[in-house]
There are 2 protein chains.
Amino acid sequence: MKELEERIRKEGTVKQGNVLKVDAFLNHQCDVALYDAMGAAWAEHFQGKTITKILTIEASGIGMACVAARHFGNVPVVFAKKAQSINLDGDQYVTTVYSFTKQREFPVIVSRKYLGPDDHVLLIDDFLANGKALHGLIDICKHAGATVEGIGIAVEKGFQGGGDKLREEGYDLDSLAIVESMDPETGDIEFRG
Amino acid sequence: MKELEERIRKEGTVKQGNVLKVDAFLNHQCDVALYDAMGAAWAEHFQGKTITKILTIEASGIGMACVAARHFGNVPVVFAKKAQSINLDGDQYVTTVYSFTKQREFPVIVSRKYLGPDDHVLLIDDFLANGKALHGLIDICKHAGATVEGIGIAVEKGFQGGGDKLREEGYDLDSLAIVESMDPETGDIEFRG
């Protein structure tokens, strides 16, 4: 997606340790017009598929998933929660995810009430690096007996391999920008052609 | 807002300890069509005000804030983050908030880059009980020198007093449903007339 690549080039910052900061428009300050264009792009890619639910993970995936849902007939968006909360029942799917950003493992939960065997799910998240968060969401869909119809990602860090592994596993993965390499010294970012 | 009150009556659950669960449509599974109607209602209430930015707090406020932003000319949405993250610079506004849901204090941060003295801010959140999270967001706006133009809340628990305190302080607060009382034994929910 040209527009997203241009925004990353213009407003993204490359930091040491494979960190790409896009918090000016994607995951701290949110450009909702860009989110809407991203939703339209995913809808075009996944057209013809029946999507009954969008599943994402807190916090950065929620905004783009909710805006994108409009392009999928306003299907419900469920967001996986990163910790036990007294507002949730015990009747949950649980998995464990390692966060690259937070550098620790944490439990991820989805209420059984909101995901089941009849669901055809589109997974949405802001970043895909090694794929640990996505594998957590896929794990939850497996627990629920739900079908993963596709995966919509804003920014894939292609050089970390998680995306290609998911493609090899047969998932229909649509990453709107795939960073092939980035240099914290020069700030250069190369996208997959 | 009639539609929201009806959903709370129909799908909300009253639990011991002043807990009202609305995770079927508001803050775990998200009804984005309802979010859109909520955004339209807030836009009507705050019409005539200049809003340059929407500020919310992760995680449950993000989805409704991003969907609502469409009704405010697609202004940027900034979400305050609940913990230090290696993806954020040191240049942040910081405050501390006590979470009723998580029953502990946590730091809340917003990058200085995304909020400043020129901003006219609409605060949005899913719940208002004692007002601790909102006071954290107001505190951050004060640090930034930004003007709080108004506060849009989905569900105010009126009997916990946080909303009336904010009204007394002069804030333009639009809660779409105000729960005056609720009974965990019978499940009865009374709304402010």
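Glycine is treated like the rest: Cβ placed from N, Cα and C.
Note that TrEMBL annotation is computational and uncurated.
Note that the structure is a prediction, hence the values are computed from the model and not measured.
Residues A:Asn27, A:Lys157 are recorded by TrEMBL as xanthine binders, and the candidate that the same record lists for that site, out of A:Leu20, A:Leu166, is A:Leu20. Among the binding-site residues A:Leu20, A:Asn27, A:Lys157, the ones whose Cα is located within 10 Å of the Cα of A:Asn130 (5-phospho-alpha-D-ribose 1-diphosphate binding site) are A:Lys157. Considering only the binding-site residues A:Asn27, A:Asn130, the Cβ with the fewest other Cβ atoms within 10 Å is that of A:Asn130. If you measure from the Cα atom of A:Ala129 (5-phospho-alpha-D-ribose 1-diphosphate binding site) to that of A:Lys157 (xanthine binding site), you get 5 Å.
Each of the binding-site residues A:Lys132, A:Lys157 was assessed for Cβ neighbours inside 10 Å, and the highest tally belongs to A:Lys157.
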